[in-house]
Amino acid sequence: MIGRIKALRFAWQGLVFLWKGEPTTRFHLIGTIAAIIAGFAFGIERWEWVFVITFTTLVWFAEAVNTAVERLADAVTLEHHPLIGKAKDVASAAVLIISLGAAAGGVVVFGPYVLALLGV
Ligand SMILES: Nc1ncnc2c1ncn2[C@@H]1O[C@H](COP(=O)(O)OP(=O)(O)OP(=O)(O)O)[C@@H](O)[C@H]1O
């Protein structure tokens, strides 16, 4: 039990580091808040909330993994190394992939509500 509580504390420290060390998280927070506000404003369905929650969570997850990979890579060497560069590029690509997926999901979920609002 104490071990679990300690693990939670370490996870919290990781979250704080992610927030302080990665300026990109500001954009993720804005996107997350915007999606939540839009969800309530449009009164989206329960299943649509599942998509919104899943996509926003995956973006944060990918950013956390990307940051972990970057820090591990820096711990291996700060010298220029083509494999370190590739590892960092692929980790960044993971964030890009899920961000594009989240944007597409956002269009699918909110698109019809926006069109209805515009009377289209
Ligand atoms: N040690 C290295 N060897 C080779 N290329 C590197 C190295 N460090 C960084 N790079 C290259 O520079 C890019 C940016 O690396 P950096 O560590 O600055 O991440 P970043 O742009 O700050 O990412 P984020 O914005 O997600 O924090 C990497 O994707 C990689 O292409």
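Yeah, the Cβs are placed from backbone N, Cα and C, and that goes for glycine too.
A helical conformation is recorded for GLU63 (active site, proton acceptor) in the three-state DSSP classification. Around the Cβ of GLU63 (active site, proton acceptor), a 10 Å sphere holds 22 further Cβ atoms from the protein chains shown. The feature active site, proton acceptor is assigned by TrEMBL to GLU63.
Annotated substrate binding site per TrEMBL: ALA7, LEU8, ARG9, PHE10, ALA11, TRP12, GLU63, SER92, in sequence order. Same-chain residues at least 6 positions away in sequence with a Cβ under 8 Å from that of ALA7 (substrate binding site) are not found in this chain.
Secondary structure at GLU22 (divalent metal cation binding site), taken from DSSP and collapsed to helix, strand or coil, is coil. Spatially close to GLU22 (divalent metal cation binding site) yet at least six residues away along the chain are GLU63, THR67, judged by Cβ distances under 8 angstroms. What TrEMBL records for GLU22, GLU70 is divalent metal cation binding site.
Residues annotated as ATP binding site in TrEMBL: GLU22, GLU70, GLU79, HIS80, HIS81, LYS88, ASP89. The secondary structure of HIS81 (ATP binding site), as reduced to three states from DSSP, is coil rather than helix or strand. Within 10 Å of the C-beta of HIS81 (ATP binding site) we count 12 further C-beta atoms, all protein chains included.
Panel annotation: around the transmembrane segment (27-44), residues 52, 55-56, 59-60, 63, 102, 106, 109-110, 113 of the same chain, lying at least six beyond its termini, place a Cβ under 8 Å from a Cβ of the stretch. Taken from TrEMBL, the feature transmembrane segment applies to 27-44 (among others).
The transmembrane segment annotation in TrEMBL covers 50-69 (among others).
According to TrEMBL, the transmembrane segment annotation covers 90-115 (among others).
The two recorded residues PHE10 (substrate binding site) and GLU70 (divalent metal cation binding site) have their Cα atoms spaced 18 Å from each other.
A separation of roughly 29 Å, to the nearest angstrom, links the Cα atoms of ALA11 (substrate binding site) and GLU79 (ATP binding site). Counting only same-chain residues 6+ beyond the ends of the transmembrane segment (90-115), those with a CB under 8 A from a CB of the stretch are 24, 31, 35, 38, 42, 44, 48, 51-52, 55-56, 58-59, 61-63, 65-66, 69-70.
In three-state terms derived from DSSP, LYS88 (ATP binding site) belongs to a helical segment.
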